[in-house]
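Sharing a structure with you now.
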Amino acid sequence: MGFVGLGLTVLLAAVVALCSAGSDAPRGVAVGFVFDPKARCEPACEHGGICIRNNTCFCSKGYEGETCQYANCNPKCKNGGMCLRPGKCRCRPGFGGRYCHKVTCDGGCWNGGECIPVNGVAKCICPSSWTGSKCQEAICPQGCGNGGVCVAPGICSCPLGWLGGACHTAVCTQSCLNGGKCISPDKCRCRPPFSGPRCEERKKSN
Ligand SMILES: *[C@@H]1O[C@H](CO)[C@@H](O)[C@H](O)[C@H]1NC(C)=O
């Protein structure tokens with residue numbers, strides 16, 4: 001005979017049998033045709049299941065399987081979660097809630113990002129101007145040059161000495177003279193025949 005796990009139907013039959021057997025009936029499993037007090041179940045019934053016939057376990061509520069080895073969760077665990085014990089799911093990373101029905105992104109999604117399962121993994125889907133695992137990094141489409149940092153969509157924070165939307169404009173605290181051009185912080189490129197830090201000197205021609 002195969003190894004069989006019995007469920008609710010047998011429970012009802014057993015309870016009826018117990019009640020009608022009278023007060024001097026042995027307690028527990030030794031009732032009528034359903035329970036065999038000498039029954040052996042090998043391997044043993046798990047999770048409080050009772051061996052009622054040879055190799056037949058009667059499982060307690062919330063368990064099933066030949067030896068009552070499986071917990072069953074109702075509703076079932078979602079998103080690949082595992083039923084640990086009745087009503088208790090162990091969720092895969094990224095999922096939460098009693099039945100693993102909620103997706104949770106570790107640390108949350110910032111700046112309007114949305115946590116969505118992608119191939120079974122929780123991911124932040126970011127609005128177009130943000131990126132990064134939590135949508136924490138702004139995107140500056142123009143780029144931030146010369147060591148500038150993108151601090152908000154399209155906005156660079158420029159290091160000292162640089163200005164402009166992409167930090168490409170050098171700042172010369174004293175302006176370059178005679179048509180000279182500020183090419184990096186406090187550095188002028190002079191037009192001939194001028195020279196000097198501010199292009200203030202005219203080279204003497206012989
Ligand atoms: C149950 O198994 C034992 C041996 O393991 C055997 O002696 C017994 O007769 C069996 N009972 C029934 C009802 O088959």
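Cβ atoms are placed via backbone N, Cα and C, with glycine included.
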Could you pull the disulfide partner of Cys105 out of Cys91, Cys115, going by TrEMBL?
Cys115
Between Cys176, Cys199, work out which one TrEMBL annotates as bonded to Cys190 by a disulfide.
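The record-listed partner cysteine is Cys199.
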The disulfide recorded in TrEMBL for Cys135 goes to which of Cys126, Cys150, Cys156?
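That record, TrEMBL, gives the partner as Cys126.
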Of the residues Cys68, Cys73, which one does TrEMBL pair with Cys59 through a disulfide?
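Within the candidate set Cys68, Cys73, TrEMBL assigns the bond with Cys59 to Cys68.
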When you measure from the Cβ of Cys182 (disulfide bond), how many other Cβ atoms are you left with inside 10 Å?
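Neighbour count, Cβ to Cβ under the 10 Å cut-off: 19.
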Using a Cβ-Cβ cut-off under 8 angstroms and a sequence gap of six or more, which residues of the chain neighbour Cys199 (disulfide bond)?
Cys176, Leu177, Asn178, Gly179, Gly180, Cys188, Cys190, Arg191
